[in-house]
Structures are given as structure tokens and as C-alpha cells.
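To start, the structure under review is shown below, and the notes come after it.
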Amino acid sequence: QVLLVFAEEDDQSNGFRWACDKAGFRCNIARTPQSALECFLDKHHDIIIIDHRHSRYFDAEALCRSIRTTKASENTVIICVVQRHTDREESSIFPLISAGFTRRYIENSSRMACYNELIQLEFGQVQAQFKLRACNSLFTALEKSQEAIEITSEDHVIQYVNPAFETMMGYQIGELIEKELTEVPINEKKADFLDTINSCIKIGKEWQGMYYAKKKNGDSIQQNVKILPVIGQGGKIRHYVSISRLCNDNNKVEKTCECIQAESQTDTQTCRHKDMRKGSLDVRSTTSRGSDGSSQRRRSSMARVHSMTIEAPITKVINIINAAQESSPMPVAEALDRALEILRTTELYSPQLGTKDEDPHTSDLVGGLMTDGLRRLSGNEYILSAKQTHQVAGSLSSPISLNDIPPRITQAMENEEQWDFDIFELEAATHKRPLVYLGLKIFARFGICEFLNCSESTLRSWLQVIEANYHSSNSYHNSTHSADVLHATAYFLSKERVKQTLDPIDEVAALIAATVHDVDHPGRTNSFLCNAGSELAILYNDTAVLESHHAALAFQLTTRDGKCNIFKNMERNEYRTLRQVIIDMVLATEMTKHFEHVNKFVNSINKPLAALEENGNNGDGESIKTVLRSPENRILIKRMLIKCADISNPCRPREQCIEWAGRISEEYFAQTDEERRQGLPVVMPVFDRNTCSIPKSQLSFIDYFIIDMFDAWDAFADLPNLMEHLNNNIKYWKGLDGRNLRVLRPPPE
């Protein structure tokens, strides 16, 4: 089907209309952008031809962008008809590509020229799009197959394995992708046997037989294996597809479902894969993190982003149902419509945990951080802060001036602009009051007083009030954590890509949000408060209890006393805008929507930027600006920024990482102790101070929450030093775990 968008009838539109008739294509004509969009949404045309010659009628590029925002346009070919200019130099096509056009057509009203263009499109781009539409269905079949499937390149580099392969062999997909087959499965005939296989598949013949393979844990299993060479470009073998089925003790192949095998027409990036344990995304790379050279590292980051299978489970379900509707009888299609209505009204972004064999550390962490408790009251309701007395400005000692800071504290803050800044040295120098001093310095560097039109003494009083309402008795959620998050936020704000994106009001909001994001934290999780029936949980309906409290209390403390009201001189509308951004960022630190925030960030920001870079648009400032500066994307960037700052401990230098791990573990141990004392549900039973393995808990947290998020943030903000620390810390925790040590540090030699 073809849609012609021409404001007026002329020889060019008539030429294309005649060409459609001759080619046997169904054709619709639209005169306005609105009618064009409505017609396209109704008919889902394969080709759209838009007149770009006369800007006085409508903006062709704006229309193309509008069409491209719709899901239906994903596989649509859009052609731009431009004027023929013989008296000036050829213009660039990048603006047209950025707008979403597939190609341009220089005006030529010759009927045969129009006909030839349509025929070329049909046998070129349109047929290619038809093939792409089938990819999701093929990979869905692979993902659901009960047979273990492995796809390697012609050089025997692993490019894809399905969940059944992971289950059978005991590996996670991130341990295999981009690695060579350095260990060939062991068989009693070994060398001769492998030579037989290779001599068969290298000449394009499939091989099938039995052999014993070795699992990750060293166990030997017998498999029925079929290896198929796939002929690709140039008539050469480009991929090998291995299909394995487990054999039982009687050498009978266990019953499995049939699966679809299709010729591989894609490279590693299109061989999309999903970590079934997380069910949400897999952005890990096994080849390049920590490699030398900034440009190489950036290419690596973008490659990881491009290969992300970031679709949430609910998105995949909706896409599968939509595809199924196309070939379903009417009663089935109507039933699927009703199912879609239900799915679209429910927030289902977060991945689900896997089977009962899931690592208990991961299960407990996710259960404790991403749920609102078991909703069971015990009779021993936990009373928190509704009647608690909060510190106010009048009850505090006189704040010190920025120009009168003691030398030891000044020295401790000398390198606060560097990522390796030691917050614990400042904590010791300030006697556990780092937030006031670090806040004064960072806020001065960013010109916060000038923006808010408040005095330095007001800012000092405000910082003191906020710090006084952090609980110094908490081992982790105290003012040192707040100062650490403030430092990370300031560091991220200084990165070039972030500076290109955010306005001054965004920077102010981010720094304030980081300062207050955990104020009055009781040292217990949301799940604990909900289970205990705390007054805060009742006040906030068991939903984002702590985050709602932090945001609300921050504004209560600020506005109740003019001495510390940093907002008192702001214009009303600007204050409301700033307030909304601060609240949104504080609420973004709540973990139940972690995967939703990361999903949206990758799909709306990382992937479009990666596409621009791949298409050679690095220097096209307008295209990049369009991605970065849209209001919706700026919100996603601010949320991602504070989320990464909030849980950046695994990306800190090793000693800091270890110290933070000890502090959060102690806070969770204390919660488990109190849950048992009060007879409450124990939401994280693995955090028993007598049995818990801290290395295992850290590795589970890093694997489930940190790696994917920081891969995405690194691809955006370029943070090689953080990723290097992360890698080193993973190796450190793995080293302890490999020695079956449960403590923070190895014993002395």
C-alpha cells in the first residue's frame, strides 16, 4: 500500500498515482499532515511519499517525525520528494535522514521514472522490511524452545545462546557472548571425533550425533547434537547453529518441543538475547570493558547499548499478541484485544525473578528493595516519625562560614571534584558532619545561592537543618551517605554530555535532591515499615513510603523557618518548577521502578544516540540536541543521574566500596534482628549476621542492579574510571567468594 502526501495535485503526484495503478499497488492520497497521519494509522501503508518541495503548505520533516513516533511506522519506507536544483551545490541529506526519511526522490514527473522508483522500492527496502518484521517471531521461537540452541560466527565466536542452553550448561549468557569456543566438549574419541565434525560442517554439510559435554560445574552430560552451517554473504559459511537435546540414562532423547530454525541473516547485534534470570535486559559485554583508549572504550559502550535487549516483558507480550492478531480469526482477535486492554492498564515493567533455584541473595535483595512488604500487621506496629520531633533552625548551633573552615577539613575537601575523593576522610575530619561542609563547597562551585537569590548564611542554616535530620545512629543511611550522593551528583553534572543536556534549574534541583533524598531515614526498608504497620506506611498507603517522606519533610523543614528557607526569594512559577523536579528525582530513588527507569533511559536516549553515531551523525548537533533536549528525555536523564549517584558504591575505589558494603550489611543485619524480635516477616532472611556472606550479597546486588544500569549510564556520560573500579571490585568480591569467605576482607597472611 502506498500513501501519497501532496498538498495539491500536480504532474508529480499524478505520475506516482499512475505508477501505483500500473504496479498494482493500493494508493491513498492525503492533502494535509493531519489527514495523512490519520490515513496511515488506519491503513498502515508500506510506502509513504511526502512532497517536500513547497514548505508553504506544510512541514514535510515535521510530518515524517510525527509518523515515525508511531509504532506502526517501524517497518515503513518513507520517501521525500525534493526540488531539482541545477544552479546550486548539492545539499546534505542528513536532515532528511534525521527526520526519519528512508531516502529522497529528486522531482521527476515522468511516469516511468515514478514507476521505476516504486519497483526499486518494492524489491529493495520494502522486501527488506518484510524480513525484519519476521525477526521478532523467530527469536521468540528460539527463546521459548526447549532445545538448547547456540549460534556462533564462522570463527567460532559465540553470538547467541537461548535460555534452554543456559539451563543445560549452567552458564549465564553474559559469560558466553563474544567468547571463542576455546573448550570443545570432551568425548572419548576426542581428536578424531572433532576432526570428523569439522570436516563435515566446513564443507557446508550438517552433522548429527551423540557426545559428552562438560557443564560449567564440571559435570559431564550426554547430548544429541545437530550442527548446521549457515551460508551467508558471498556464498560462504557465516554462522554455525548448534541444536542440542539432553539424553537420559537410557540414551533416549528426552521429549522436547519442536522449534523453528531459520537462516541467520544478521550479525551479533541482531542476534538479540535475553538474560532469563532478569527478564529485562542484558547490556553486559565480555570483550572490552576496561580496554585501553577512550575512542575504543566509547565504541565498546555504544556496542553494548546497541545490543541491549531492553524490552520489558510486558512490551514483548504486547508485541507478540499484536503479531498473533494479524492472522487470527475474529473471535480470537477480539479476545486478544481484551487481553491487551488489561495489559496496558497495569505497570509491568519490572522483571520477575526466575525459578526456585534463584540465588537466595538476589531473591532477598529484590524482595526487600523492590516490594512494599507482605502487608501483614503484627500487633507490634512500628511507630516512626509522624510524632517524631525534627530539628529546626532555632535549635542548632551557629553555622560556620565557608571562609572559616578548619584546615583539616579544607584539606579533606581538596580533591572533591575528582571521583576518587574520600568521603570517609571528610567524615572523620568533620566528626560525622560532612554534609554541611561539602554542601557549602559544591553549592558555591555551582552558584546555587546566586540562582536561588539567597544569602550564604541561609544556605548554611539550611544545610545544617537537613544534616541534623539525618540519623547518625544509622550505619549506612546517614549524612555521610547523603554527602556521598551529593558528591557523585556534582561529578556527573560536570560531564560534558550531561552539561549539554540540563539547564541551570536542573542542576540546582539535582544537587538539592541529592542532599535531601534520604533525610530522616530510619535505617529500615519500605518492606519493613509496611509489614510493621508504621504510621508513615499508613500515611503514604504502603507506596514509596520513605521516598515520599523524604521529599515531603525536606520541604517542611525548609519552608517552616525563614532563616533556612532557601526558596523564599524565588518567583512563584520558578519555585513550583524547581519543586516538581526535586520531588521527581527523590521519588526516582525508590527501587520498585528501577527497571522501568533504566528501560526508558536506554530506549529513549541510549539507542537513538547510538543510531546517530552509527549513521555517521556524530557532528550533527541538531539531531543529538533533539534527543537530549526534549522535556521527556531530560526527565529520564535526571532520574538516571540521581539513581546512579544513589547506588554508586560498587563503582568507588576499593576501600570505599568495602566500607560501604560493611555499613549497608550492618543496617540489614539490624533490621533482620528487629524483625525477629518483633515477630515480623523477615523480608531478607539471608542477611543474618551469623550466616550471611557479604561477598555473595555484593555480587548479587551488582549483578542484578548495577552492571546494566552503569553500562547504560557510562555509554551516555563516558565514565571509564567508574567502570574500571566496578570491574576491580567485582574481581575482589569474587576472589573472597571463591575462597568461601563471608567477611569484608581476607584474613592476614
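For all residues, glycine too, the Cβ spot is worked out from N, Cα and C.
In TrEMBL, annotation is done automatically, which means it is predicted and not curated.
Under a cutoff of 8 A between CB atoms, and with a sequence separation of 6+ in the same chain, the neighbours of H477 (active site, proton donor) are Y470, H471, D518, H521, G523, E667. Residues or ranges marked as active site, proton donor by TrEMBL: H477.
Residues or ranges marked as AMP binding site in TrEMBL: H477, N478, S479, T480, H481, D518, D646, Q698.
The feature Zn(2+) 1 binding site is assigned by TrEMBL to H481, H517, D518, D646. Around the Cβ of D646 (AMP binding site), the same chain contributes V485, H517, T589, each under 8 angstroms and 6 or more positions distant in sequence.
Counting every protein chain shown, 24 other Cβ atoms lie within 10 Å of the Cβ of D518 (AMP binding site). Under the heading Zn(2+) 2 binding site, TrEMBL lists D518.
The feature compositional bias 'Basic and acidic residues' is assigned by TrEMBL to 270-281.
Marked as compositional bias 'Low complexity' by TrEMBL: 284-294.
Annotation comment: TrEMBL describes 134-204 as domain 'PAS'.
What TrEMBL lists as domain 'PDEase' is 401-740.
Per TrEMBL, the feature region 'Disordered' maps to 264-305.
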Original post:
Once the chains shown are all counted, how many other Cβ atoms turn up within 10 Å of the Cβ of N478 (AMP binding site)?
Top reply: 23
**OP:** Grab the AMP binding residues from the record (H477, N478, S479, T480, H481, D518, D646, Q698) and give me their largest CA-CA distance in Å.
**Re:** 22
